[in-house]
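What follows is a set of notes on a single structure, which appears directly below.
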Amino acid sequence: MKIAILPGDGIGPEIVAQAVRVLDALRSDGLPIEYEYGVLGGGAVDATGSPYPEATQKLAQAADAILLGAVGGPQWDNLPREQRPERGLLGIRKQLGVFANLRPAVLYPELANASTLKPEVVSGLDIMIIRELVGDIYFGEPRGIETRNGERVGYNTMVYSESEIRRIAKVAFETAMRRNRKLCSVDKMNVLEATQLWRDVVTEVGKDYPQVELSHMLVDNAAMQLVRNPKQFDVMVTGNMFGDILSDEASMLTGSIGMLPSASLDANNKGLYEPCHGSAPDIAGKNLANPLATILSVAMMLRYSFAKEDAAQRIEAAVKSVLAQGLRTADIFEAGTEKISTTQMGDAVLAAL
Ligand code: NAD
Ligand code: IPM
Ligand code: MN
């Protein structure tokens with residue numbers, strides 16, 4: 001089990017440190033875990049001039065799985081685009097071909113009051129958002145900023161090929177088959193051709209999965225329905241940009257963006273595992289960040305890349321137990337619970353493990 005660890009920027013190193021303690025504990029209990037660290041993002045630009053340097057590329061390609069913190073921060077926001085930390089993140093996703101991004105929005109019952117939504121709206125929530133991760137407007141060409149008719153024009157291209165849609169649709173239907181056989185595909189086919197093709201191809205793939213109840217929803221309505229009645233959803237599948245936005249929205253149903261883990265998989269279940277949130281520059285270095293999304297990403301790694309379902313469930317049970325003890329980082333704190341730091345949350349998870 002060779003794991004590359006890329007802590008990144010901002011709160012990245014703080015939250016990854018707690019997740020590594022979990023890996024260490026599993027290793028002491030006999031899992032053959034080996035890991036090595038690499039740089040990615042702003043720190044990598046500072047050290048090497050590149051947000052995804054060659055040494056990190058080699059490390060990531062040789063690993064069975066990658067654990068990533070987060071990248072980016074205001075000090076790198078004015079760099080040329082190809083040197084920006086986010087370009088490193090997009091680069092590693094694209095190079096590894098991890099096209100299927102699974103973002104499970106699960107509400108731990110203990111956090112029913114931490115959400116800004118009413119407890120009855122979110123209690124029992126368990127949605128799997130499947131976001132296509134290596135296509136769409138994020139990567140489409142042409143793109144740029146240029147002068148036309150004496151003024152600046154910025155442009156990007158939303159593009160999806162049939163094969164790109166087909167492979168993510170298959171992952172979505174297979175996931176739905178293992179869950180409640182209900183899939184909602186989200187697009188904007190009333191306006192955008194790229195997503196008309198998306199709807200057509202998803203519908204075609206659906207013919208191979210007659211047991212799955214497939215529905216389609218326009219993305220603006222989906223954003224509204226997610227806060228109106230989120231429990232109508234089971235598996236959702238959508239493109240790169242809509243998935244980015246809808247998953248941050250869904251994270252608040254679970255109490256905090258600090259709770260939402262993710263797995264990004266290629267066709268062979270090699271995976272990149274990272275929390276859905278960013279580098280949180282506003283709280284970086286303060287020992288305040290919630291490390292649970294990153295710790296839960298390790299659980300996803302054990303489940304999807306290493307087929308260690310027992311170890312994955314052990315981590316998830318430890319998280320549940322810590323929440324049941326009333327221990328909370330600031331982002332999920334509420335009256336009657338105990339506010340603790342990032343490292344104390346790590347201590348508590350290890351003790352519960
Ligand atoms: P963000 O997710 O970093 O932060 C949004 C808000 O959520 C902030 O108030 C932050 O304090 C809070 N938050 C995030 N994670 C938290 C955690 N674990 N515990 C407690 N609170 C948490 O989004 P942003 O502010 O829009 O972006 C900041 C930087 O991060 C930008 O440079 C952006 O490009 C980058 N980013 C990186 C990733 C990634 O590496 N995967 C994802 C999103 C954003
Ligand atoms: C995410 C982030 C990234 C994305 C950024 C930092 C490139 O927001 O992982 O959700 O948009 O994919
Ligand atoms: Mn995002």
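Just so you know, the numbers here start at 1 and follow the chain as drawn.
Note: Cβ is positioned from N, Cα and C throughout, glycine not excepted.
Marked as domain 'Isopropylmalate dehydrogenase-like' by TrEMBL: 2-349. For 73-86, 278-290, the entry in TrEMBL reads NAD(+) binding site. According to TrEMBL, the feature substrate binding site maps to R93, R103, R131, D220. Annotated site 'Important for catalysis' per TrEMBL: Y138, K188, in sequence order. The annotation Mg(2+) binding site is assigned in TrEMBL to D220, D244, D248.
Positions of the features from TrEMBL, shown on the structure.
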residue: R81; record: NAD(+) binding site; contacts (Cβ under 8 Å, 6+ apart): R87
residue: P85; record: NAD(+) binding site; contacts (Cβ under 8 Å, 6+ apart): G8, D9, L40, G41, G42, A44, V45, P51, V71, G72, G73, W76
residue: R103; record: substrate binding site; contacts (Cβ under 8 Å, 6+ apart): M128, I129, I130, R131, G243, S247, A250, L260, P261, S262, C276
residue: K188; record: site 'Important for catalysis'; contacts (Cβ under 8 Å, 6+ apart): T195, L218, V219, D220, F242
residue: D244; record: Mg(2+) binding site; contacts (Cβ under 8 Å, 6+ apart): R131
residue: D248; record: Mg(2+) binding site; contacts (Cβ under 8 Å, 6+ apart): I257, C276
residue: A280; record: NAD(+) binding site; contacts (Cβ under 8 Å, 6+ apart): G10, I11, A70, A289
residue: L288; record: NAD(+) binding site; contacts (Cβ under 8 Å, 6+ apart): T329, A330, S341, T342
Closest of D77, Y138, A284 to R93 (substrate binding site), Cα positions, recorded positions only: Y138
Among P85, R103, K188, D244, D248, the recorded positions whose C-beta sits under 6 Å from ligand 2: D244
Mapped DSSP class for R131 (substrate binding site), helix or strand or coil: strand
Inter-residue Cα distance where the pair is D77 (NAD(+) binding site) and Y138 (site 'Important for catalysis'), in Å: 17
Number of Cβ atoms other than its own within 10 Å, given for D77 (NAD(+) binding site): 12
Segment-level pLDDT (mean, integer) for the domain 'Isopropylmalate dehydrogenase-like' (2-349): 97
8 Å Cβ shell about D220, D244, D248 centroid, Mg(2+) site members excluded: V219, A223, M241, F242, G243, I245, L246, S247, E249
Entries of G73, P85, D244, A280, A284 (binding-site residues) sitting next to ligand 3, with Cβ under 6 Å as the cut-off: D244
Structural state of R103 (substrate binding site), classified by DSSP into three states: strand
Taking residues R93, R103, R131, D220, which bind substrate in the record, the widest Cα spacing (Å, whole number): 27
Local Cβ density at D220 (substrate binding site) - other Cβ atoms counted within 10 Å: 13
